[in-house]
Structure formats: C-alpha cells, structure tokens
Amino acid sequence: MADTQPAQEAPAADAPRAERNFGRGRGGRGGRGRGRGGPGEEKEWVPCTKLGRLVKAQKVTSLEEIFLFSMPIKEHQIVDTLIAEGKLHDEMMKIYPVQKATSAGQRTRFKAFNVVGDCDGHIGIGARVGKEVSLAIRASMIAAKLNIVPVRRGYWGNKIGEPHTIPMKVTGKCGSVAVRLVPAPRGTGIVAAPVPKKILEFAGVEDVYTSSRGKTRTHGNLIMATFYALRKTYGFLTPDLWADTEPSRDPTDEHGELLAEMTTA
C-alpha cells in the first residue's frame with residue numbers, strides 16, 4: 001500500500017540561523033551575541049555621579065571647570081561629552097604579557113598602556129591588566145580618560161602668537177627612568193625618542209627638548225615618567241599667574257537644587 005503522507009520540505013541551505021531555531025551560542029535565540037548586546041548596540045549614558053549629572057544637563061561645559069575645583073572624574077563618558085567628537089585621539093603605546101606564579105602554575109595576563117589626548121592641552125595615560133588582549137586595551141583606554149590632566153603651555157622667548165612649548169623645565173620620574181623637559185624656541189620641534197614624542201604630540205606641545213636617564217628600555221616607566229613631567233606644568237605659579245582671582249562656587253553647590261531634583265526623580 002502506497003504511503004499517502006505528504007513529504008516534509010527540508011530547510012533551505014542558505015536559511016538564516018534565526019529561522020532554523022538552533023539557539024546556539026550565548027546569545028540564545030536569534031544568533032550569537034544578541035543576548036549580550038552586540039558591539040553595534042550603544043546604550044544611553046546614565047550618570048552615576050553628581051559631576052556626570054551636571055555634565056549631561058550641560059551645567060558643566062568644559063574640562064577646565066572640573067580642573068579648577070579639583071573634582072575627580074569617575075566616569076569616562078564625561079570626557080567623551082566635553083571634548084568635541086573627532087578631537088579626542090587615542091593610541092596603544094605598549095602591550096606585553098605578564099606572569100604570576102600560582103599554586104596551579106604560571107598565570108599569564110596582558111598589560112596595556114594607552115594614551116588619549118586632544119592635541120590641545122589635555123593628556124591622559126592608562127595602564128591596565130587583563131586576561132585577554134582586547135580586555136586590557138579597553139580597560140586601559142577607559143583608565144586613560146579617567147586620568148586626563150591639563151598641560152600648561154607657554155613661550156620660549158617673546159610672547160608672540162600661540163603658546164608652543166612648556167613654560168618651565170620639569171622632570172618626571174617613574175622607577176629608574178627620569179625624563180626632563182626643557183623649553184625650546186619656535187620651530188625646533190619635539191626633540192625626543194619615539195615614545196615620549198608621541199605623548200608630547202597628543203598633549204599639544206610643538207617645541208621642546210627632552211633628556212632621559214635610567215632603564216629607558218622599560219617603556220612602561222618611560223611613558224609614565226613623561227606623563228608625570230607634563231602633569232607638573234601646573235604645579236608652579238609663574239608671575240603671570242600672581243594676579244588676584246575672585247573665588248567662585250563649586251558646581252555641585254551652585255546647582256545643588258537641580259541635583260536634588262534629579263536624585264528624587
């Protein structure tokens with residue numbers, strides 16, 4: 001007796017994975033990555049700190065207002081918001097494996113150094129360790145934005161045109177490495193090794209002499225020593241900064257009522 005049941009159609013070879021309903025991967029139904037939020041999805045920033053709420057409400061509109069009151073930056077989105085899109089540059093300076101001896105043997109992780117800057121007086125360095133290269137790079141980039149500091153620029157001689165060099169000699173030290181920055185005349189350029197030169201370019205310094213001593217082959221210490229030297233440019237009060245200034249209120253105090261409304265909302 002012939003079989004009268006209709007034959008079932010086989011799924012097409014080029015059918016998408018979501019239609020096959022295989023449910024593979026951590027994303028579960030619909031393909032790998034959907035359950036975790038794929039890389040193309042960007043969540044809206046919800047500030048967690050008072051400073052973040054003021055930045056999102058456009059009550060604080062520049063990094064100089066934050067540095068004036070020495071307010072800590074706890075969210076990297078603050079830097080992304082205050083620096084115009086396309087002006088903030090980042091670059092991986094160094095990444096290498098590090099090991100730790102445990103009871104189960106050697107545990108290998110990766111340490112990354114990242115630099116961010118707008119080439120206009122702001123520079124940040126971040127160093128983080130991760131189990132994977134991508135995790136270490138992302139963590140170091142976030143740390144660099146949280147560690148961003150202002151760089152004061154000045155003149156070598158007459159005050160003509162825009163500031164082009166550092167205003168005084170400064171020295172930064174990390175480990176056995178010491179980096180000294182010396183002001184240079186306009187047109188000199190950055191006289192430095194490749195690693196400090198990249199950091200000085202990101203800081204917006206056009207002309208400077210440099211000298212270094214110690215174990216400069218340890219690039220991590222060389223990077224941090226250059227960063228510490230640039231950070232010291234705001235550690236001196238030169239005569240042009242001796243003028244009296246009127247004190248102003250802290251942004252968190254000035255906009256206290258707005259912050260209270262945001263908290264209760």
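Backbone N, Cα and C define each Cβ position, glycine as well.
What Swiss-Prot records for 1-15 is compositional bias 'Low complexity'.
Per Swiss-Prot, the feature compositional bias 'Basic residues' maps to 26-35.
Here Swiss-Prot flags 246-258 as compositional bias 'Basic and acidic residues'.
According to Swiss-Prot, the domain 'S5 DRBM' annotation covers 88-151. If you average pLDDT over the domain 'S5 DRBM' (88-151) in this model, you get 96.
Residues annotated as region 'Disordered' in Swiss-Prot: 1-44 (among others).
The region 'Disordered' annotation in Swiss-Prot covers 245-265 (among others).
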Helix, strand and coil residues within the compositional bias 'Basic and acidic residues' (246-258) as assigned by DSSP: 7 helix, 0 strand, 6 coil
Beyond the flanks of the region 'Disordered' (245-265) by at least 6 residues, Cβ under 8 Å: 50-51, 53-54, 57, 59-60, 65, 68-69, 71
